[in-house]
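The structure appears right after this line, and notes come after that.
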């Protein structure tokens, strides 16, 4: 986790608002130069607080944040040289688009001709050069978002923080902006720290994702690693969709284990870190990893269940099953793979490979 | 298929026409409902607010007294050229109508009205009427003229008749002109009044100046308070808000009288300042300009604070944060980002306080010296003390005009701002 030359380092950071509960508990985090890091977690998990501490709007109760090796605790926000994009954009309503973008340059006493030139460049970067003289209120949500981005980037900050910037946009626009933001990051190479509670957004854009819950980073990893190899039950259920079953660890060999489910079935699974023989564990199986074509494969895990519901989604079909361990077990089948018939209450055997399920410590 | 469309055409048209009629009917019902809902307040406003103001405005130009007392003479004098003494017939009419109005007791009002323009006219008319009423009526017109001039030689002079002619029309610009320190000379031209009579322009300027100073003090004191109110945690903000609103729950008269107690020579303020050794002899805070400022600011501050608060409450804190994150020093951020967004509130509060203070009466009357009285004092004086409703109305009309002009200016400015922002 410790990079060679991190741009930001959180060292033993704690934050409490009321003196009783720590909203951030002993956080240690290195942000690497040029990466796109997402802080992901449910609301109240401490991710936004971390961002605000980094921006300087909140101060840690304990610990030190370093930016480029320099302790930030005593440096006020306006001297930190960190660009921030807010959820509601916070474009100044009394200034035109160009004046908004020129603002950070103006307060830095950049020469007038240079301001003009850099403002124009920033506007062109977000492809909104033709809107320079408009007031923010005359722009659509997506355009305001881009202006806010241009304003946070125009003074070439060391770091750009984005606090749920896409939350207010509708779904299509949000997806379009995700791609645009990702391209912008790739082209500029600036370090970006992005906060969201939307896991699909995090998966789409990030180099690394730090999953927050309860003031603690549950796991920090690449999107693939998070999805494929969640470290614990929280990450497994928070990232993507999964089916959870509980049992006890019976055997543990390297990265695999045998798990006795509470219903008595024995399951072979990949083992996450921190499992111990005889201890309870949680088995996570992704809905799309259940395969009906595996019935003849002797190696795979088998569980019995009953079909409960059939839900048509166009490109795929979802089946809800009731199992002894979980009466809300979902299966996702591509529509063109589905040949079976559906009768409620019909008994079915589920098969999945040991490599497609993962046992992790109980949260 | 085409046939079917052609057949459908007219019926579709009919249908849409019918739809329009139905829509209009349903909207009419809504409009009626809306009208009914506003009707009580509208009638109330009309009866107790708009009508009295309209009547007052009329009073500022109305001058019926002379015509009431001397109807025929007035008519005749309005035809008269005023270059030489009027004809004997007019003398005869005058004598007859003086006797008549003396009996009807309408003479005194006319005498007072003419007296405004020519001091001393009241005694002339009253003395003349008393003498005429003792004797018998003159037989001929020539006799009437001789009789009138005999009672007082002034009746034989041209200016006496010119004054009556000037006051004869039913409408006059006299009150309004006087309110602006102007008057009509004998030729009917508008000229400046003599210096000893022209006091109102100064009083208007004084009124505007006091209102301006009071409003500026309110703004300077109210801005930080409103900012605190809008940004404090709701627990404290509610308490503070009660503090701001408290004066509204206390009688205006009580509050103003309390200032007399607090500000007097041996009052609280002087006692406190002396006991901590800041001053050696008591400050004079009462019956002078600072006292008026203190009293007015105390009364008008809540209006300023509430105007500012309502706007500041709607400015999210993220603007300041954004400005800081972009590298602006907190002071720069405050003046470049925060203050411009509060301008609608500043303008509303300024206008509210200013308009309220230019019409204020009680506070300057109770804690000001004669040199601190504002225009409302003179309106009250003319209404209550000397019963000159014409002057009271004229001063009031000019005050109303000034307020309206200010309001129009404000509406223009705020409109332009909206267009700029929108």
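Each Cβ is built from the backbone N, Cα and C atoms, and glycine gets one as well.
Marked as domain 'ABC transmembrane type-1' by TrEMBL: B:204-410.
TrEMBL lists B:34-58 (among others) with the feature transmembrane segment. Sequence-distant neighbours of the transmembrane segment (B:34-58) (same chain, 6+ residues past either end, Cβ-Cβ under 8 Å): 393, 396-397, 400.
TrEMBL lists B:208-229 (among others) with the feature transmembrane segment.
The transmembrane segment annotation in TrEMBL covers B:236-262 (among others). Counting residues 6+ beyond its ends, the transmembrane segment (B:236-262) has Cβ neighbours under 8 Å at 225, 228-230, 268-269, 286, 291, 294-295, 298-299, 301-302, 305-306, 362-363, 366-367 in the same chain.
Positions annotated as transmembrane segment by TrEMBL: B:292-312 (among others). Remote same-chain residues near the transmembrane segment (B:292-312) are listed as 210, 213-215, 217-219, 221-223, 225-227, 229-231, 244-245, 247-248, 252, 255-256, 259, 263, 285, 341-342, 344-346, 348-350, 352-353, 356-357, 360, 363-364, 366-368, 372 (criterion: CB distance under 8 Å, separation of at least six residues from the stretch ends).
What TrEMBL lists as transmembrane segment is B:346-367 (among others). Counting same-chain residues at least six beyond the ends of the transmembrane segment (B:346-367), those with a Cβ under 8 angstroms from any Cβ of the stretch are 207-208, 210-212, 214-215, 218-219, 222-223, 252-253, 256-257, 259-260, 263, 286-287, 291-292, 294-296, 299-300, 303-308, 311, 373-377, 379-380, 399, 402-403, 406-407, 410, 413-414.
TrEMBL lists B:387-411 (among others) with the feature transmembrane segment.
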